[in-house]
Amino acid sequence: MVTQILTKMFGTKHDREMKKIQPTVDRINALEPQMAALTDDQLKAKTPEFQERLKKGETVHDILPEAFAVCREASKRVLGMRHYDVQLIGGYVLNRGNIAEMRTGEGKTLVATLPVYLNALTGRGVHVVTVNDYLVRRDAEHMGRLYGWLGLTTGIIVHGLTDQQRKQMYACDITYCTNNELGFDYLRDNMKFDLNDYVQRPHYYAIVDECDSILVDEARTPLIISGPAESSTDKYYAVNQIIPHLKRDVHFTMEEKSKTASLTDAGNAKVEELMGLSNLYDPQNIEILHHVYQGLKAHYLYRLDVEYMIKDGEIVIVDEFTGRLMPGRRWSDGLHQAIEAKEGVEVKSENQTLATITFQNYFRMYEKLSGMTGTADTEAVEFKKIYNLEVNVIPTNRPIQRKDQEDVVYKSEKAKFKAITADIKERMAKGQPILVGTESIEKSEALSAFLRKEGVKHEVLNAKHHEREAEIIAQAGRKGAVTIATNMAGRGTDIMLGGNADMLAKAQVGNDDSPEFAEAVQKIKPQVEAERAEVRSVGGLYIIGTERHESRRIDNQLRGRSGRQGDPGESRFYLSLEDKLMRIFNGERIQKIMEMLNIPEDEPITAKMVTNAIEGAQRKVEGHNFDIRKNLMEYDSVMNAQRNAIYGMRRKVLEGQEIERTTLDWLGDVVSNLLDTHIPEGGKKEEWSLEGLNNSLAQSFGFKIDFATMAVNTETVTDAVKSGVKEVWERQKNSMGPFFEQVQKMILLQSIDHHWKNHLYVIDKLKEGISLRGYAQKDPLIEYKKEAFKAFETLNNTIKSDAIEKVMRVQLVAQQNEQEVLESLRPEEADLDELDYSSPSEADIGHSIPETSEDAPKRKMTFQSGPRDDRPMNREERRRMDKDTKGKR
């Protein structure tokens, strides 16, 4: 009550924010006549003028009103579009580094041009990030005309570009790109051996379109680049054979909500019997237990045509948020292989992580970050806590006319489909367009079959028909059109009442660059306008939701497709007690109420109580998912600090400045460690190991000390070691001559990359088992931090000792020139395009790292340190490492 009174008196937080921005909007509007009076050349000349002012010390905030006014005027002349006042507000919010929540149809793409133009004037590069290649190309092509007219360059980053092309695109003033490509380019850059090969510049400013999808939905799964590990796939087939013999609730239990499975005592015994094992929990059998759990999940939680499809003999993931196919992406941790075994397709080998980052940590690298979406306010707390981004709700240009009806709930899915069909027929009869949203491909196909049986003409938009996505969604607002779409397929394309004249013209003439296209558009426009008026008169676009999503935000996005720019519209959700969300939360309670009231199967419940119960369930799921993402960030923050340290170390080596100083620092650390290990300070002489010290010196530096001829004490031993090491260093330096620094550089990079890769394997294994610490009343996160810190200390020492050993022992072969030496030392780079890339809703791909070419330079260097090399660990070495890691724990 008090809150309501205060809100009436002072307005909401968003109202107060808008009032603060209004004076700036007034200043921009006051400049409009002045800008309109300029010639084209005078308006274009404003860009170099602004750039010069920024160089002289003005800030982007100082020139904001003028720059926005210039951009608005240029947009009128080039695009024929003028920014409304609410769009100026949106641009201001984005420039401030916040999230602008703008309703569907309010022109987010046009809004972005204001802060993009302003910040691109700095010359530091602006990234406009969106969810797929189609939107990247569409927006860059459309808005690139405006930026080009104003003298700025525009680039695009999409799948399939070469490194040279990517570098050129990132060098542009403005770059449109997808979130996945951005993240993978960052990881790939940090796997390269020459700074000139890096494609990205330092991260200055990013505007993330559909930021709720990218920064929230996709934040649960990290981006991973991986290569194949040496491991047999036979175990997947073996485990898959026993899964049908295990009975639910007898041998195992399944938790749909958390997607977990666990064996009962009877299940343990059954698996041991079927696999011929004496004890499933013996250390050597733990891997089999893990694969049994993954097999159970594959059979009972992952469904064909819902979570994945089979295409060309491969398992292809279906994105749970957009319903799109994700070719080339794989689930990790053996789950993808378990599904391959289940479906009888070829099982591809597991992968080893080579580089990884989460979107949470990637986007926090930007100096300034902002986002825009139609639905962000429900996740405002998360945006603030994780990204330090405020959400500002931007008012609509015209009042929203859409009517959102109460949910209706049926006992069965069949009864629900019948009711939906009846509603569709009634609306079609009066010419109202209908968009039906489904949660999965399976549901869209089932409803489509039901409508076909009833003779209802319709279009289906899901991952199976994604090629026609923009065309189908753009015409979903035509008179009497019925479109079934999975979830948020077609997001980013407005549904225009009466249809889209450009799309209709393109369908007629094909090429939108031809003169015939412009003529066709002019002919079609009057009929589109007439049809639009007709559709408005019958209520506008009608949205039918066939199931509530786990997130209220996704439901709001579906509703938001209707009622754009003040158009009329309506929405309603049809639910059944068989729906996933209803089944997991509150379904039994509502079913009891229906039975108590003796409600027939084909009669629905429409009550506020039901809607509230569903929204309560959604809030629980949202809270659970937020906890997962927060937990992921807490774990990844440990990895992020380590990644930054290693990438920083790597970059310092690549820059090549004071490379000798770096090597000498490492040399000092290695020698100190040797002395601390074998003759610890303050230790008794009886505890010293002079023999061990000599063995280490022989291995790392190729010399031994004759302790029999000297008075042995801490000072004399230390001096002898330092003297011997210095002598070896000078000898190496003299023998290598002018390119000793390049040799050091290559060896240091070799060691960093090889041991970082192995460290990632250790961390992966640590994550897998750390949750078990909870059974010992220990906090898994604290334990993880401790273990990861220890592992990183070991990594640091190992990198340095390995690199120093090679630098101090490397020898030239006679007549070997500088280039041959450097080529022999340069690590054999895997083709980065052939590695495996996994991203949210996905994981590792089943390509392989190419074998070394026969024409590649042969190694001509000799390492007296013995048979150490830079290959990945084999399976036996991994087992030993796992054993050592467990022993340390």
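Placement of Cβ uses the backbone N, Cα and C atoms for every residue, glycine included.
Within 10 Å of the Cβ of Lys108 (ATP binding site) there are 24 other Cβ atoms, across all protein chains. Secondary structure from DSSP puts Lys108 (ATP binding site) in a helix. Residues or ranges marked as ATP binding site in Swiss-Prot: Gln87, Gly105, Glu106, Gly107, Lys108, Thr109, Asp494.
What Swiss-Prot lists as region 'Disordered' is 823-889.
What Swiss-Prot lists as compositional bias 'Basic and acidic residues' is 867-889.
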For the binding-site residues Gln87, Thr109, work out the Cβ neighbour count at 10 Å and name the residue with the minimum.
Thr109
For a quick check of packing: other C-beta atoms within 10 Å of the C-beta of Gly105 (ATP binding site), how many?
21
Listed ATP-binding residues Gln87, Gly105, Glu106, Gly107, Lys108, Thr109, Asp494 - what's their greatest C-alpha to C-alpha distance in Å?
17
Rank the binding-site residues Glu106, Asp494 by the number of other Cβ atoms within 10 Å of each Cβ and report the first-ranked residue.
Glu106
Environment of Gln87, Gly105, Glu106, Gly107, Lys108, Thr109, Asp494, the listed ATP site - residues of the same chain whose CB lies within 8 A of the CB centroid:
Met102, Thr104, Leu110, Val111
So, in DSSP terms, is Asp494 (ATP binding site) helix, strand, or coil?
coil
